[in-house]
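This report refers to the structure that appears directly beneath it.
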Amino acid sequence: MPCERKPMRYGHSEGHTEVCFDDTGRFIVTCGNDGDVRIWESLDDDDPKFITVGEKAYSLALKNGKLVTASSNNTVQIHTFPDGDPDGILTRFTTNATHVAFNSIGSRVAAGSSDFMVKVVEVSDSSQQKTLRGHEAPVLSVTFDPKDDFLASASCDGSVVVWNIEEQTQVISWPLLQKSNDVTNAKSLCRLAWQPGMGKFLAVPVETKVHLYERGSWDHVSTLSDDLLAQPINVVSWSPCERFLAAGCVGGLLTVWDVNSKLCVERQKHEKGFTVCSLAWHPSGSNIAYTDTEGCLGLLDGLGTSTVATKNPAKDYDDLFDDDDDRLMDEGLSDTKSPAKKAVGWDDDDDDFLVPATGRVKNRGAFLDDENSLDTGSLKLGQDNDAGSSVAPAAAPAVPLRPVYEGPVPTPPQKAFQPGSTPAHLTHRFMMWNSVGIVRGYNDEQDNAIDVEFHDTAVHHAMHLTNSLGHTVADLSQEAVLLACPSTEELASKLQCLHFSSWDTNKEWMVDLPKGEDRELFSLPGPVVCMAGHGEQLLVVYHRATGFDGEQALGVQLLQFSRKRRQLISGEPLPLSQKSYLSWLGFTAEGTPCYVDSDGVVRMLNRSLGNTWTPVCNTRETCKSKSDHYWVVGVHENPQQLRCIPCKGSRYPPTLPRPAVAILPFKLPLCQTTTEKGQMEEQFWRSVLFHDHYSFLSSSGYEIDEDAQNQSQKEQQELLMKMFALSCKLEREFRCVELAEMMTQNVVTLAIRYASRSRRMALAQRLSEIALEKSNQMQEEEQEEQEEEPEYSRRYSRRQNQQEEQEDEEERGEELMEEEDRQEMEPEEATETKKRVNPFAKEAGSPIKPSPTPTSSSQPRVTNILDNMTSSKKSAQLSSSGGKPSKSPILKPLAPKPKTKTQSTLLQMAATKTANKKVQENTEPAANLQKRPDTPPPGPPAENSENKRPKTGFQLWLEENRKSILADNPDLEETDVIKEAMGRFRTLSAEERLSWTERAKGQSGDAADLKKRKRAEGGEGLENENEKAEADESSAKKKKSLDTSSKLSLFAFNRN
């Protein structure tokens, strides 16, 4: 099959160039780096027509008078041919398209792009598009199945994928190619080619060979190779007769195989050895046009495949080569300048030997050795489209077809990865980006190094490390940098640690890892996908089974390596979005596990709901384009922040310039989030979920921020009260009751008052029943705690906290009701209300004049009127510290451990008692700082006792038996006295303890009467009537406040 190689000619400027023929074969069409499409009538055409499509043209395709081009402005354009009139833009990408192809009838165009996507567009209606997602690197090439069912694509991620076009799913994926990070860095363009006609075979160039895969079964049925091919094959193309396959190589070698015999029937060498980047057969099959990376155009003429296909089949193989060709084939190249060259197929001599592509003489009997040899009948059948495309002889005996499986197709399992790192095949990559810092890796011709940078330079200065061992995995913490490299044939896998926080001189160590694993802790049911750690927790995700129809079947285990080692989650399925895969796994800064899938959905562990996973954010909702993604680097629960890097047109950020970190808000996917009700519901449940970590940390023995925890609880109760008020406005009383069931007892009391003001007496009645249930429940819980764990200190500390909570909640509730009154009251009602006793207006000044407490005790907050109403309570409490105005009697424990709590609360008790005695002894000096001289001396202790809780039985017993305890043990400290007293009190019988409790209640009732009498006496000593009126209103308000708190205290602390 000798042919003539025409001299190369200039076509375009230097760079990637592509070529094709029109449908008739009259024109050669090329595009190149200069942005022009040139239409040549022949190779000698010195004045070709040209169409400018952009700054650069990367690919072109021509069918049915339509010319499609991929240009540098990230578009796929269409022009009429040969006129060159623009016919619009078929589709756009976020980066440049790399390859375009028509289907067999010209109704569809497929385009692959550097943004990892493949699009299939209808030519008649460009709005009809299908997007195929799944590649993890730029797309190298695309090709249609002639029957228009499938599409094949190759990518820089090393895979060749066959897609089902209608379902937009992957049918099969083969990891065949060497990975790269861009088309320009790829070893081969890997231009795939599907056999025309019936489309029985898909040709895939792999290194120096061509693999043939059978359509339908997708089995690798054959490999075409040549001993003279030393460099990768760039592009392959089928002849129109479906029998021959041409290939162009990186080194400039052009090869043609007969697919039936798998023999190389033609070799040609590029005259300058430049890389061949495009091939196209003439529709007649008589010649091949090709282009190189220097912009030149060439032609192989006189192939004569049509003549070969139609001449006497019996002489087909014998006449492919003449004697001269035998000599030239032995040399490896056919010399086109040889005077002895003869046309293909016109040699009448019947050679006795067949010369295959290897150059070794092979006897014809090797082919015609049995009944399946190529005879006339079989070759006539072989000219048919079906049989002519077969690799085996067409006359092979019929074999019964095996049944075809049409059920769900297994999904290729996703490969293992490290969260926070970009793919390892990139030359410049992030080896780790976390909340501590960034580890960058560089592996190019100039440098192979690792840079470590810390977000906070106070942790450590930046480091530059030479990567001599070829580390591919890194991690970073506040104490060390960890690096690891894979094993080679000579060396074992190594783990290197740079322990920069070490106080000794040994700040670096290295260990060789044995083959397989480093330390056998436990076995997993499947291959590991990724792992993450935080403190004492380890989160592992692995393949628990084979997924089907694009789904990944992943399992998750969560282990806690504390003193009590336990498995919190044992192999539960990991929920993912439909047909997505895991893209990030880690912990929040507070230690809650979370992960992100490829659809951008962020899920977080909900410990309070049986360790289930709750979606808290969808990053795709904030992406402007389908090809944009967010690369997550950190999650925070307080404040609620998702820290990530926007990636335009890719899934991973570039190392340079340094990417900026964006902060996305969280949002639970609830209904009706556009309404006020829906927004408050979403905010409430998000607050519950994001503050659940406090209870976990507390139970694990960690110190927690109690102020932040209390603030979160207040925020949740405020939201419930606002939703309650909104439901009252909308007359949804049933919903009001549902909301009240989630409130604390103190907030339910405020809800009752709000319902009463809103004249909803039936609702108020139901709410009072709920309040009674809650108080009974609290009483039962305290009784159980008293029986099971009778530590007075815990109960006393909790009462102090509940008292503060009640006061703050009453402030907020009064503020909310005041705001409602301002918004909803009619003018007449407002006037009428002013005539009645208005505690809001008068009480604003009350803490200043009649307050018997020293001003130095505490400065009351003045954020709103209701704060001033309750500030007298707080200042009275604070004044009991006996001359220490800046310190509160409540000592918060630093760590939530029972012993620490017990000791601190016992100290509180002792300090409170001592302070109370001092206040009673020094009544007059304390009162004279701010009180008028005619005010009776018993005022301050009465006021102070007003805000104290009623004594318990233990307190009463301790007061009466303190002297006897001190007499027995005169050297005891105050805390030891209380411990000794608690031990003795426990030895009493249940009846005796109950009698002390009853006596304490009786005294609290007498004390309340005493307070009323003293308040009445104190009011008579005022000088003028105005001050007397103010004092009366103030004491009336205090009495009202006392009544509410007294009722609640009876509910909460009744021991019966």
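Cβ atoms here come from the backbone N, Cα and C positions, even for glycine.
Positions annotated as repeat 'WD' by TrEMBL: 9-41 (among others). Away from its own ends, the repeat 'WD' (9-41) comes close to residues 48-64, 67, 69, 71-72, 79, 81-82, 84, 277-284, 289-298 of its chain (Cβ-Cβ under 8 Å, at least six residues beyond either end).
In terms of DSSP secondary structure, the repeat 'WD' (132-173) contains 0 helix, 24 strand, 18 coil. As annotated by TrEMBL, repeat 'WD' applies to 132-173 (among others).
Marked as region 'Disordered' by TrEMBL: 774-1056.
Per TrEMBL, compositional bias 'Acidic residues' is recorded for 779-790 (among others).
Residues annotated as compositional bias 'Acidic residues' in TrEMBL: 804-830 (among others).
Residues or ranges marked as compositional bias 'Polar residues' by TrEMBL: 861-870 (among others).
Under the heading compositional bias 'Low complexity', TrEMBL lists 871-894.
Taken from TrEMBL, the feature compositional bias 'Polar residues' applies to 901-914 (among others).
Annotation source TrEMBL lists domain 'HMG box' at 947-1001.
Feature annotation from TrEMBL assigns DNA-binding region to 947-1001.
Per DSSP, the secondary structure of the compositional bias 'Basic and acidic residues' (976-1001) breaks down as 24 helix, 0 strand, 2 coil. As annotated by TrEMBL, compositional bias 'Basic and acidic residues' applies to 976-1001 (among others).
The compositional bias 'Basic and acidic residues' feature in TrEMBL is assigned to 1025-1036 (among others).
Secondary structure of the repeat 'WD' (9-41) per DSSP (helix as H, G, I; strand as E, B; remaining residues coil): 0 helix, 16 strand, 17 coil.
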